[in-house]
Amino acid sequence: MGVLEDLVARAGGCAVIDGGFATQLEALGADINDPLWSAACLITRPHLVKEVHMQYLEAGADVIISSSYQATIPGFIARGMSVAEAEDLLRTSVKLANEARDEFWKSTLRKSKPIYNRALVAASIGSYGAYLADGSEYSGSYGADITAEKLKDFHRRRLQVLASAGPDLIAFEAIPNQMEAQALVELLEEEKVQIPSWICFSSVDGKNLCSGESFADCLKILNASEKVAVVGVNCTPPQFIEGIICEFRKQTKKAIAVYPNSGEVWDGRAKRWLPVECLGHKSFDALAKRWQEAGASLIGGCCRTTPSTIRAVSKILKGRTGH
């Protein structure tokens with residue numbers, strides 16, 4: 001049994017992934033109005049990155065994801081750093097998550113009745129579109145001159161550095177098109193990565209990837225890879241998730257991970273976020289229970305979800321009365 005299967009079994013059949021990172025960094029006073037997004041805090045306020053990991057562990061997360069989604073070597077170089085400094089920051093993202101997990105686990109073991117699992121650390125790798133920060137991560141349109149080979153070249157060194165930093169998992173997140181999924185599968189084979197990986201897509205309509213390509217075609221690519229342990233979706237509206245899980249169940253035997261956005265909608269007039277309940281939707285944790293029943297093995301949150309969200313999800317999925 002691999003580390004991921006073992007964790008899911010220890011969690012009672014469904015493990016909890018952490019939630020939104022940027023929102024929580026802002027809540028702690030970080031300014032992330034930066035092309036590097038939450039990865040900017042690796043440079044300026046690493047202690048806050050570790051604090052967010054701690055908050056999610058306390059909330060019951062079984063998997064915490066490094067703050068490297070938008071951390072790329074070209075992105076750091078554009079900030080005036082050397083290649084060596086950029087690679088050090090990538091390693092730091094995993095180091096901070098590992099330190100938080102180890103410290104939290106040590107404190108948990110001192111308690112007479114531990115109610116937590118020893119969490120796994122996933123090294124986050126965002127899409128090429130996330131690096132471009134031009135909206136293409138939401139459309140999947142990278143332009144005619146981008147090929148699978150170019151995408152492999154873009155991701156290769158970051159994957160090598162993050163994999164060498166000691167994570168338990170590699171998490172490719174919010175992948176918006178089939179070409180990038182194919183490139184990542186080939187890259188995992190070429191680099192002989194021995195760490196289990198997951199590849200999660202993003203969707204705006206609940207039926208296809210952001211690019212409009214079908215889940216079925218992309219899952220065929222992932223199904224053929226032994227390096228990909230988990231498939232799923234993240235950064236997607238929560239109301240689509242149950243249907244996506246049902247569709248994935250027909251197309252794959254791999255474990256399924258889902259960690260959608262909160263479902264809040266920005267009210268441009270009032271300049272505030274409207275809570276999900278205003279839209280007539282069920283609360284996030286109530287939906288999470290349905291996702292578990294539909295067949296998801298890992299459940300968490302993405303944009304605008306918080307430790308409170310994950311605490312509620314952990315309680316409802318694991319049947320706990322309190323943390």
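Yeah, the Cβs are placed from backbone N, Cα and C, and that goes for glycine too.
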Per Swiss-Prot, member of C218, C235 binding Zn(2+) alongside C302, C303: C235
Neighbour-count leader, CB within 10 A, binding-site residues: C302, C303: C302
Neighbourhood of C235 (Zn(2+) binding site), C-beta criterion under 8 angstroms, separation at least six: E173, A174, S202, P260, N261, C302, C303
